[in-house]
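Trainee: The structure that follows is given in the form of structure tokens.
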Amino acid sequence: MFVYFFLTGLVFTSILTESSATVRYQPEQIHLSFGEKERSIVITWSTGNKTDSIVKYGGGGQLLQTKAGSCSLFVDGGSKKASQYIHRVTLYYEEPDSLQPETKYYYHVGSDRGWSAIYWFMTPPENLNEWAPSIAIYGDMGNVNAQSLPRLQAETQAGNYDAIIHVGDFAYNMDDYDGEVGDEFMRQIETIAAYVPYMTTVGNHESAYNFSHYRARFSMPGPYENMMYSFNMGPIHFISFSTEYYYYLRYGFKMLVKQYEWLENDLKMANHPANRTIRPWIITLGHRPMYCSNKDDDDCTRIKNRLRYGITPLRLFALEDLFYKYSVDLEIWAHEHSYERLWPIYDYKVYNGSYDEPYTNPRAPVHIVVGSAGCQERVDSFNPLPSWSGFRSSDYGYSRVKVHNATHLNLQQVSDDLDGQVIDDWWLVKEMPRIKFPLADKLEEATKDTSQNHIRETVEINE
Ligand SMILES: [Fe+2]
């Protein structure tokens with residue numbers, strides 16, 4: 001009898017082991033991003049066990065082309081040490097991949113141990129100067145109460161967007177339950193992220209284990225594991241960076257220094273006349289805002305917040321001056337669970353283009369806060385309206401940005417609470433060639449001698 005139970009147990013255990021091993025070969029969490037080379041597409045997915053990393057793809061519905069990539073092991077920092085293999089394959093426009101412009105590609109991912117469902121993506125037009133991309137942008141969307149997601153799914157799968165940008169705070173939190181919450185979130189956004197590049201910015205909810213889930217799960221361009229990078233879409237140069245380096249100093253100061261140097265260098269390059277002529281729109285993406293009028297105690301409610309003013313007392317790494325100096329057009333933030341559009345602003349002063357047309361040739365960058373996509377922490381309310389705030393709403397929702405050409409950008413704020421109604425619709429109009437903001441030269445002169453040690457003295461500027 002003992003032998004019978006022993007043998008039965010052995011067979012049962014072996015079936016279980018085999019069964020769970022088989023299930024973990026199946027690809028999941030499929031998502032796209034733009035790669036190192038402009039327009040290249042990185043396809044990322046996960047499997048529990050190690051498999052080959054293969055994408056089969058093609059135009060016209062036939063998956064006749066094959067591209068292999070590689071995978072890396074990711075181990076969660078929790079006690080279970082849950083692991084998964086994260087696969088990456090990049091498709092280029094050159095031989096042998098030969099993506100064609102303005103073509104709908106179908107693809108699936110996996111290996112001979114298991115294939116995903118078939119998804120598709122559209123490639124941009126050949127002449128990138130004629131590309132007028134549409135992008136959905138939001139922050140602060142989690143697993144629970146992801147209220148904007150159904151509308152984003154419908155619009156993305158209808159082909160309304162060329163990319164989606166998520167400006168920090170994913171899943172709440174990706175590391176919870178030994179990373180299961182992160183896995184569920186990535187499966188949830190597959191319904192949008194498998195169809196268009198899903199570009200990301202890090203937020204405070206990704207801080208666990210030194211941001212390891214965020215750094216491992218996404219595939220942004222550049223050498224800094226998704227924490228800072230820039231990419232181009234037609235006439236736009238996007239710069240994504242970590243506001244969290246300013247707040248999680250327990251992880252060290254080194255990356256904060258590195259990032260400031262990188263930002264200045266990237267802005268310098270983007271401002272080179274040869275580049276700014278082709279890509280006149282410079283848009284920054286950072287999670288925590290410099291300004292907000294929310295009724296909470298967040299740093300953006302303070303005049304001397306770290307991002308805007310710099311780290312006191314020496315005003316280290318202050319970003320408002322830096323972005324102003326390099327004529328950033330639009331600064332997009334999240335973190336506050338609300339939408340807020342500021343008047344063009346610098347140092348708490350409003351620099352509208354004119355009284356009638358505040359956003360036509362504004363004399364300072366424009367800031368918006370778009371952190372209301374939906375999460376378990378609900379929305380944030382506001383303090384009394386300050387003079388520098390143009391419009392705000394605590395409805396759940398997301399932004400649509402359409403850059404029509406070198407001079408005209410349209411932004412719409414969609415309210416999910418109001419069944420998709422557009423509650424804010426405005427145009428940012430900038431002349432060509434771009435001109436410096438009026439105080440830029442003076443600021444440059446005042447900070448020239450301190451650029452090596454990143455100290456920004458208080459600059460007295462009289463208009
Ligand atoms: Fe946040």
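Note: Cβ is positioned from N, Cα and C throughout, glycine not excepted.
Note: TrEMBL annotation is automatic and uncurated.
Take a look at what TrEMBL says about it:
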{"type": "SIGNAL", "residues": "1-21", "note": "signal peptide"}
{"type": "DOMAIN", "residues": "27-123", "note": "domain 'Purple acid phosphatase N-terminal'"}
{"type": "DOMAIN", "residues": "135-339", "note": "domain 'Calcineurin-like phosphoesterase'"}
{"type": "DOMAIN", "residues": "364-424", "note": "domain 'Purple acid phosphatase C-terminal'"}
Trainee: When secondary structure is assigned with DSSP, how many helix, strand and coil residues does the domain 'Purple acid phosphatase N-terminal' (27-123) contain?
Mentor: 0 helix, 53 strand, 44 coil
Trainee: Can you check how the pLDDT averages out over the domain 'Calcineurin-like phosphoesterase' (135-339)?
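Mentor: Mean pLDDT across the domain 'Calcineurin-like phosphoesterase' (135-339) comes out at 97.
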Trainee: Sort the residues of the domain 'Purple acid phosphatase C-terminal' (364-424) into helix, strand and coil with DSSP and give the three counts.
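Mentor: Per DSSP, the residues of the domain 'Purple acid phosphatase C-terminal' (364-424) fall into 0 helix, 31 strand, 30 coil.
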